[in-house]
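*Asks:* Not my notes, these are from TrEMBL:
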type	residues	note
SIGNAL	A:1-23	signal peptide
TRANSMEM	A:59-80	transmembrane segment
TRANSMEM	A:122-142	transmembrane segment
TRANSMEM	A:189-208	transmembrane segment
TRANSMEM	A:228-247	transmembrane segment
TRANSMEM	A:259-279	transmembrane segment
TRANSMEM	A:285-308	transmembrane segment
TRANSMEM	A:349-371	transmembrane segment
TRANSMEM	A:407-427	transmembrane segment
TRANSMEM	A:447-469	transmembrane segment
TRANSMEM	A:475-494	transmembrane segment
Amino acid sequence: MRKFLFTMLLLVAANGWIDSALAQEAQTIDQQVNEIFANITGPFVSLIFAPIPGTSFPWIVMWLVIAASVFTIYFGFVQFRFFGHAISLVKGDYSDPNDAGEVSHFQALATALSGTVGLGNIAGVAVAVGIGGPGATFWMILAGLLGMASKFTECTLGVKYRNEYEDGTVSGGPMYYLSKGFKERGIPGGKVMAIVFSIFCILGALGGGNMFQANQAHAQISGIVGNYPGWITGIVFAAVVFAVIVGGLKSIARVTEKVVPFMGILYVTAAIIIILINYDKIGWAFGQIFEGAFTGLGVAGGFVGALIQGFKRAAFSNEAGVGSAAIAHSAVRTKEPITEGFVSLLEPFIDTVVICTMTALVITISGQLIVDPATGLYMTDGSMISTIDGNTGVELTSAAFGSAISWFPYVLAIAVILFAFSTMLSWSYYGLKSWTYLFGEGKSKELVFKIIFCIFVVIGAAANLGPVIDFSDAAIFAMAVVNIIGLYFLMGLVKKEFNSYSERLESGEIRKFKN
Amino acid sequence: MTTTLVIGLDGHESGERVLDYGKRMAGLIQDSELLIVYIVEWSPYSFQTPEENAERHKRREQEISTAFERVVNPAVEKLEKAGIKAKGIVRHGHVADILNSVAKEQNAEQIIVGRSSGRGLAGRIFGSSTSNLVMNAAVPVTVIG
């Protein structure tokens, strides 16, 4: 089976290569890459984002929000009731001192966050607010809060069903809980779902975890130094990624992992400063968010348009229900898998409810979005809201921060590049774990994936934003299709752990080591 | 009652002098035991890559066995040869915190350490592990130069 899949993949790759070689030579490399890419991915993208018949609402967004609501109700609003407990766990209050030296809750959370905090929070939110208006923020926060329950479910399972090898290393994630959990419950099809998930995860790693990042990083750099071909940025990025994941140049990865959290803190601090400078507009901004959430304030598609944008960006940014975080969280050392579930629910909170909201507030308060003074509604240009300098995506966020702190766009550019890089490294790991699940462990098999990953960095930087963002979203959401079906079947197992743990916590059997 | 003395070793050459001093102290006290402690500097709040996390357990085991092999076991053997009761432990964490907590947990009479660790810039800014220990320890600390 593994051999067969491997050969198939090589054939597909070879086929794409020949096609590209035959493409007209008159086009530039960037155009060629873009065209081939859009043609190959088109049908897949349309399927994932197909609207629910009779509406303009993509079914996949509904799928994620319904799942998050189901888990929220099923676990009795765990994200609110155990929020404080989650913070105690991260602080290490419940960590056994004898386990010192193992992966702590804090480390697992920080690693997972560095995979999710990234361009989604900066560029993605700007896209959402740029189309759906400030009202999209309301729906984004709501989706973030609900998504905490999805994350809780998947990360508990990720730790519970991970593989621990004899040499002491661990591998976990949806592919393991789908196959082992289904077997335990006596439900057939777990293995097939695990394989399908792994395929989508590889595509997601190459799409949202790679091409989208490379693409936006290039947009940032060319925004500062002037326009130049994307493949140049691609090759530079690919070389650095190659040095880290193939060459084993751990020092770069370590530096990134240390700098990224500070960039995140710097970003939020800058946002808070800008909001405080404009303290007189805070009330107005929240008014716009609430009013826009239910009326749309003139945006394309009205309030449904705002809702779709908010939900979509939240899901793309915090990845709740997608399954990727379950891979990152599964390395933690704990006797109680559920504790990692509690810790993981902080992730959508930090990512979406805090960081994404900051971006949205800064864009709203900065007045980049043009309001018609006569009607109080936003002026639109096609589906987008008109902005002062016609900026969209990451440039819109940059302009919003720049309007208050003139030098901040430079800091933001560095932050974007670092976020993009750390997200790529995280996703290269998620993709690799899925790859080895399909084809087995082994140096040469791993090398094949790593090289493919680096090639996609170049493609991502060279292609236009449109096809890249479509494919990235589609691939990541496709993971959620399989993962959430699995979560529905396995949530009973999480409930059992949850009940047992809460009882022991209440009775005092589980107690703090630190006072 | 047995008097326990905690000996903090960090693998540096001053360790020999620390050990010699411990030996002499043990000779002066009738019923004594030396507890050799090696600490692998580690923080639960550091940032790691997913790969480092996946391999953490394996690395931790390696770190512990290396510390026993290179530092702790040779020291324990040397003391036992000299007829002194000794045992060794390896822990992860911050040197000053862990030495102090081990001393408290074992009801130790005092802690004996070398002066060498924590030089350089970080040492200048935050103070070395030894000076942190001296400032915060719950039992007397002897520092060997």
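Placed from the backbone N, Cα and C atoms, the Cβ positions cover glycine too.
Nobody curates TrEMBL annotations by hand; they come from automatic prediction.
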*Asks:* I need to check the long-range neighbours of the transmembrane segment (A:349-371): which residues 6 or more away from its ends have a CB within less than 8 Å of a CB in the stretch?
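*Replies:* The answer is 79, 83, 113, 116-117, 120-122, 124-126, 128-130, 133-134, 136-137, 140-141, 143-145, 147-148, 264, 267-268, 271-272, 274-275, 278, 281-282, 285, 288-289, 313-314, 317-318, 377-379, 385-388, 391, 396-397, 399-401, 403-404.
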*Asks:* If we skip the immediate neighbours and take only residues 6+ beyond the ends of the transmembrane segment (A:228-247), which ones have a Cβ under 8 Å from one of its Cβ atoms?
*Replies:* 28-30, 33, 214-215, 217-218, 221-222, 253, 421, 424-425, 428, 432, 447, 450-451, 453-455, 457-463
*Asks:* Does the transmembrane segment (A:475-494) come near the transmembrane segment (A:189-208), with 3+ Cβ pairs under 8 Å (pairs 6 or more apart)?
*Replies:* yes
*Asks:* Cβ pairs under 8 Å only, please: of the recorded stretches A:259-279, A:285-308, A:447-469, which one is richest in them relative to the transmembrane segment (A:189-208)?
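*Replies:* The listed stretch sharing the most Cβ pairs with the transmembrane segment (A:189-208) is A:447-469.
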